[in-house]
Amino acid sequence: KFEFNPKDGIDNPALSLAEDMGGECVGEPRFYLLSKDSTETFGFCLHEELGCQGHVIRQVELGGLAQRRGLQDGDRLLQVNGHFVDHMDHRTVVQKIKASRNQVLLAVLDGGSYEAAKALGRDLSQMLPADIRPRLCHITRDKSGFGFSVSGPEGVKGTFQLSVRQDGPAERAGVPPGSWLLELNGASVRSYSQAQLTRKVCGPGVGGWGSGASKVTEHPAFPIQLKQSGNKVTLLVASSAVEEFYRLQGLQITAALADTSWLPFKVRELHMVKGPAGYGFLLKEDDCISGAIGQFLWDVDAGLPADQAGMKEGDRLLAVNGESIEGLDHHQTVLRICARDDQVTLLVIDPAGDEFYQSVGFGAQRSPTLVGEP
């Protein structure tokens with residue numbers, strides 16, 4: 001039975017994976033899902049220390065989120081949201097955690113085990129699962145449908161497994177065969193039965209979404225955006241292996257942890273070297289689609305560095321020189337852009353991509369390019 005328990009996902013202190021270390025006294029990696037609100041911190045610092053290998057967990061705040069979950073002083077950070085980070089530059093790792101915003105999944109190893117594994121020449125990445133991330137997949141239907149169908153036990157809510165047609169739209173969009181459906185267009189499906197999902201979303205008489213006759217219909221029980229999806233739909237799915245990883249530990253899978261590399265909308269990195277007339281754009285503060293305040297790029301001068309780098313009118317600025325600008329005001333953002341006299345690298349997203357990420361509850365700040373996904 002496929003179940004979610006959000007309370008366990010918050011209160012369960014740790015999950016671990018067994019690893020055969022050839023009889024040596026080396027512990028097991030521990031996993032922690034830290035979820036906070038915008039007024040909290042994760043409750044720890046990440047240090048790079050002389051004479052000490054790895055990214056070291058320090059200053060675990062007494063009574064703070066990290067301590068309540070079980071992080072300990074001296075732990076070494078191995079993984080952030082499914083990405084192995086032990087080999088990465090320290091500043092990059094810190095930025096990955098910051099880019100996670102209010103939820104992050106960490107894998108750590110206690111300091112003694114880390115040092116022992118290093119001394120033995122162990123490949124620490126082999127102690128971790130190959131993939132623990134769900135996927136966000138954006139599917140455009142063709143003449144035969146979306147290329148997948150849904151099945152699940154009658155009378156059990158929120159348990160939907162997908163059958164994927166070979167070479168169909170769903171497979172091309174990255175949906176793994178036999179994966180579990182978690183969200184549709186940013187809306188959780190956990191409260192729906194198989195009959196409701198089939199009848200109310202697919203329409204009367206339609207057995208699945210693989211049929212060319214299937215369509216998304218409006219129903220009071222479903223968010224209005226499901227009707228607006230038309231010939232396109234965005235799914236949050238988890239492969240059987242990923243589902244098992246979270247289910248066995250009582251942790252809730254969320255879009256914040258998802259692999260977005262399959263999505264069609266990408267952020268863009270613009271590297272510019274200042275010319276005699278400057279960079280050739282204006283930065284303006286305005287409301288984002290989400291209602292928050294954002295920084296937008298306008299008045300791009302033809303032929304100047306911004307235009308040559310690919311800047312478009314209305315692009316929203318996400319990061320400057322690899323660091324997120326989330327939480328910065330207009331003046332602070334300008335200062336960051338001008339911090340280097342003659343060049344700057346900006347991370348931006350166009351309006352269509354920005355709207356898409358917001359519609360599925362997955363802000364563009366969590367794009368793989370920003371968090372350093374390979």
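Using the three backbone atoms N, Cα and C, a Cβ is placed for every residue, glycine included.
Here is what TrEMBL records for this protein:
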DOMAIN    31-112  domain 'PDZ'
DOMAIN    136-201  domain 'PDZ'
DOMAIN    269-352  domain 'PDZ'
DSSP composition of the domain 'PDZ' (269-352), residue counts helix/strand/coil, works out to 15 helix, 33 strand, 36 coil
Across the domain 'PDZ' (31-112), DSSP yields 17 helix, 26 strand, 39 coil
Using DSSP, how many residues of the domain 'PDZ' (136-201) fall into helix, strand and coil, respectively?
12 helix, 22 strand, 32 coil
